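Encoded as structure tokens, the structure appears first; notes follow it.
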Amino acid sequence: MRECISIHVGQAGVQIGNACWELYCLEHGIQPDGQMPSDKTIGGGDDSFNTFFSETGAGKHVPRAVFVDLEPTVIDEVRTGTYRQLFHPEQLITGKEDAANNYARGHYTIGKEIIDLVLDRIRKLADQCTGLQGFLVFHSFGGGTGSGFTSLLMERLSVDYGKKSKLEFSIYPAPQVSTAVVEPYNSILTTHTTLEHSDCAFMVDNEAIYDICRRNLDIERPTYTNLNRLISQIVSSITASLRFDGALNVDLTEFQTNLVPYPRIHFPLATYAPVISAEKAYHEQLSVAEITNACFEPANQMVKCDPRHGKYMACCLLYRGDVVPKDVNAAIATIKTKRSIQFVDWCPTGFKVGINYQPPTVVPGGDLAKVQRAVCMLSNTTAIAEAWARLDHKFVLMYAKRAFVHWYVGEGMEEGEFSEAREDMAALEKDYEEVGVDSVEGEGEEEGEEY
């Protein structure tokens, strides 16, 4: 089997985890107590969903997941919630005091007290796997636990499981809406630390998702539940090919192979379509061509940036539901004729396509309409450098005055780490810039030194 272990870190990670596992259970027909009436092979078997769930002899399905937070309140909600019987109590790990939005606390002081326990639990999960494929790490950039503890964990996972792929789903600080003043510090420190340990990071920005909820679902005041349910649809689309049998399945390492042209340039944009409320869906026929087109609309992206200003390096379309390759090819042919979609000249306009026959499932009482087909597009585009540039700018403004730095230094960090992280991010921006430049003058020599 090709198992995946999900690791949910900090409040954002845990709450997205709740939404994802709720959706997985609905998709596979697993009840909140872990029983699965449709499963005939008790205690194992080679069903595709066993990549995400392990089975006990009694026929209970247990998620291959770990929830970690440095303070207990958020995970306590899981312990008392609807799905409390689904998780093994050892999978829900909490500390006593939180990281207080401070990367240094998550990474050094508080984080190191709990890291060995977490790795021990992950080791137990890994031992139950026959062919562990990799890890999915869910976290936010802005929080102390999400940034600090995740980067510590990624470093340790690289040591313990060197060859396994590690994919991140990161909540990127929204341009306008901020939940903490020190978000730019935490984000840049964590990106710098995890850059070499992460194979692929899908970024999601709350503001982009707020706008999608407002615009497409007519929710006036979206809550985190609305946001997380939308995020979970995307995560589900990305992982569907690991959990179901399909026509064109895509596996974890395949994403990396097709989306990451250079090791550092591993931040694909996710776009999902159709995001539509039940009232609207009733009057629209969402053909393959329509939903494919919708993916190239900046309005449907999960990060605020404009791909029309950047160039695409790679593109991966994951369809699910009633979709046949013929329709997909026609839709892609139409896309290629459009001038607004530019590829870098060193990359043939390749689209990787995955097709899965399992139609998208929706949470009952949720906001999304039940549709016959959906598509999730993962595209690696130079436009995402806009997002980094915005963040770097905020970082520089604060760091020029050394604002809030004493909180980090007081927890055992050195000031040099800030400038080091800043330089690394500047280099990342530069990398994106160079990748987008047309390779006319035979750029062989300068690429040699970077990679």
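Every residue, even glycine, has its Cβ placed from backbone N, Cα and C.
Values in this document were obtained by computation on a predicted structure and should not be read as measured data.
Checking Swiss-Prot for motif 'MREC motif' across the ranges 1-4, 169-172, 217-220, 233-236 points to 1-4. Considering only the recorded positions G10, K40, S232, K326, K370, the residue whose Cα is spatially closest to the Cα of E71 (Mg(2+) binding site) is G10. For S140 (GTP binding site), the same-chain residues 6+ apart in sequence whose C-beta sits under 8 angstroms from its C-beta are G10, Q11, A12, G13, G146, S147, S170, I171. Counting other CB atoms no more than 10 Å from each candidate's CB, the binding-site residues Q15, T145, N228 peak at T145.
Taking a C-beta cut-off of under 8 angstroms and a sequence separation of 6 or more, R339 (omega-N-methylarginine) has no same-chain neighbours. In this structure, R339 (omega-N-methylarginine) belongs to neither helix nor strand by DSSP; it is coil.
S140 (GTP binding site) falls within a strand segment according to DSSP.
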